[in-house]
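Feature annotation from TrEMBL assigns domain 'CAAX prenyl protease 2/Lysostaphin resistance protein A-like' to 139-236. The feature transmembrane segment is assigned by TrEMBL to 32-53, 59-81, 102-126, 138-157, 169-187, 248-268.
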Amino acid sequence: MGHHVQSWDIVSQVMTTMPDTLPRASARPGMFLLLVAALSVPFYLLGALAPGVRAGDVAVPASATMFVVPALAALVLTVRQRGAARALLGRNRHRPSGFRRWYALALLTTPAVTVAGVAIACAAGVTTPALPTTSPAAAPALVVFTVIAAACEELGWTGYATDPLRRRYGTLAAALILGIVWAAWHLPALIQAGHPPAWLAGWCVGSVAARLLLVTLHATTGGLAAPILAHAQLNLCVAYTPGYDQPALPWICGLLTTAAAITAYCAAARGTGNDMGATAFERRDTATAHRE
């Protein structure tokens, strides 16, 4: 238990000195969600009119370019408030020291889930072993693109909306709220791509679980780097997963992601005495300042 408390004290020291925390008064997560919905409409219309592409075995509509919307919405809500937009952008550069296990979790969870999911699907006979249809030569460009897309999304979902919701509802409830909204936000684009209801349902289960993982990574590291890395891995693994267009695989991977996310959340919660609200950081910041 002492090791966990020490780890969270390190987080507190980092967060006490970081200049990128948004002022409480400036954070309006409800308005952010409404603005995301409104700004996404033109992209949904684009998806209905323009042809899409394929990322491996998965169809990707033109509306997928809406990954810029969360960052845009967050900037719109902070640009007129002194220092708020700068603080928001500063969170993307934050690199807390330590916590190597959480960064390892960000990088390795989705690849491990994907490999296990494909193995289970092949063993169950719902898909056949195959090589990815995406060329390995495309990997560098895909890595760059997925990191940029993930950074744009997480600047809004995590950098702007997560901590105010955590302060109000706690980490688990905030993750579920954002996870459900996040999944619903993607649904029009996925429907445009022609995915059947069974596929969509499995994908939604995995997305809500993935959001819990991303929120937990943010809570444990205090910054955006780990959630961005984990989010980028989600998209990169889809591009290189053979058979992901079959409904069974999103379900299998979604359930495995749920197990991984719950495990990560419980491990983090044990380290704070089951207190995973954003206010836990603030209390520890105060205690650290008093000790110093």
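Placed from the backbone N, Cα and C atoms, the Cβ positions cover glycine too.
Just so you know, TrEMBL annotations never went through curation; they're auto-generated.
Cβ atoms under 8 Å from those of the transmembrane segment (138-157) belong to residues 32, 36, 67-74, 88-89, 91-92, 178, 182, 211, 214, 224, 227-229, 231-236, 239 of the same chain, restricted to positions at least 6 beyond its ends. When Cβ-Cβ distances below 8 Å are used as the criterion, the transmembrane segment (248-268) is approached by residues 105, 109-110, 112-114, 116-118, 120-121, 124, 126-127, 171-172, 175, 198-199, 201-207, 209-210, 212-213, 216-217, 219-220, 241, 276 of the same chain, each at least six residues removed from its ends. With helix defined as DSSP H, G or I and strand as E or B, the domain 'CAAX prenyl protease 2/Lysostaphin resistance protein A-like' (139-236) counts 90 helix, 0 strand, 8 coil.
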